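Student: One structure is given below, represented as structure tokens, and several questions about it will come after.
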Amino acid sequence: MSHYKIAPSILAADYANFEHELKRLEEAGVDYVHIDVMDGHFVPNISFGADVVASMRPHSKLVFDCHLMVSNPENHIETFARAGADILTIHAEATVHIHGALQKIKAAGMKAGVVINPGTSLASIEHVLNLVDQVLIMTVNPGFGGQAYIPEMADKIAALVTLRKAKGLSFDIEVDGGIDNKTILSAKEAGANVFVAGSYLFKGNLQANVDSLKAVLHD
Ligand code: DX5
Ligand code: ZN
């Protein structure tokens with residue numbers, strides 16, 4: 001299996017019919033389902049919470065990649081573990097206890113991810129990299145789907161690849177925001193291997209859009 005993974009964001013799906021959406025994602029041959037949890041505090045919007053994740057769980061075998069855009073994520077770790085999250089990714093900016101919170105995610109039996117906003121430096125996560133399975137580099141400011149990819153983030157991804165090598169670690173590097181069949185190439189070349197895409201995939205023909213991302217990855 002390729003080390004490249006496609007993670008459709010269900011923020012852009014039909015919320016009235018998650019069962020159907022999960023089924024067609026599975027049929028389209030994706031790897032993860034990216035679930036954007038927003039609290040109206042860390043980011044302005046409110047999306048969905050752990051109960052929605054729990055009700056989707058019986059309808060999909062795909063990896064549930066939960067991106068918590070919530071303040072103090074350490075208060076919600078057990079709840080998401082019980083709901084069936086496989087990967088729980090939390091913002092370094094959202095807690096003063098990022099190290100402890102990542103330890104808690106591992107202890108709860110999930111894979112741990114850390115994410116930083118476009119304006120946040122890699123230095124803020126350098127000392128927790130040994131704890132994580134995945135680092136998510138935001139390529140838009142979090143809170144909304146459908147924004148434009150920030151090309152300057154390619155330098156941050158490349159610097160993270162260098163840091164990963166220097167530390168002898170092997171976490172995945174995920175990108176999120178504005179990914180389409182053009183911008184994915186910049187993120188891939190910089191060194192990312194997990195690609196979240198929302199509006200690009202769900203607008204028009206899902207299968208054709210997934211295939212167009214795969215075509216770039218396997219070129
Ligand atoms: C943004 C979310 C993203 C969003 C991406 O806050 O974290 O996952 O769904 O949407 P697109 O692909 O439309 O930029
Ligand atoms: Zn996301």
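Even glycines carry a Cβ here, placed using N, Cα and C.
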Student: Given that TrEMBL annotates His34, Asp36, Asp176 as binding divalent metal cation, state which candidate in His3, His67, His76, His218 belongs to that site as well.
Tutor: His67
Student: Between the binding-site residues His34, Asp36, His67, which lies closest to Gly145 (substrate binding site), Cα to Cα?
Tutor: Asp36
Student: So which of Asp36, Gly178, Ser199, listed as binding-site residues, have a Cβ under 6 Å from an atom of ligand 2?
Tutor: Asp36
Student: Using CB atoms and a 10 A radius, I'd like the single residue among the binding-site residues Ser9, Ser199 with the highest neighbour count.
Tutor: Ser9
Student: Quick one: of Gly143, Gly178, which of the binding-site residues has the smallest count of other CB atoms within 10 A?
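Tutor: Comparing Cβ neighbours within 10 Å for the binding-site residues Gly143, Gly178, Gly143 has the fewest.
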Student: Measuring Cα to Cα across Ser9, His67, Gly143, Phe144, Gly145, Gly146, Asp176, Gly177, Gly178, Gly198, Ser199, which the record gives as the substrate binders, how far apart are the two most distant ones in Å?
Tutor: 17
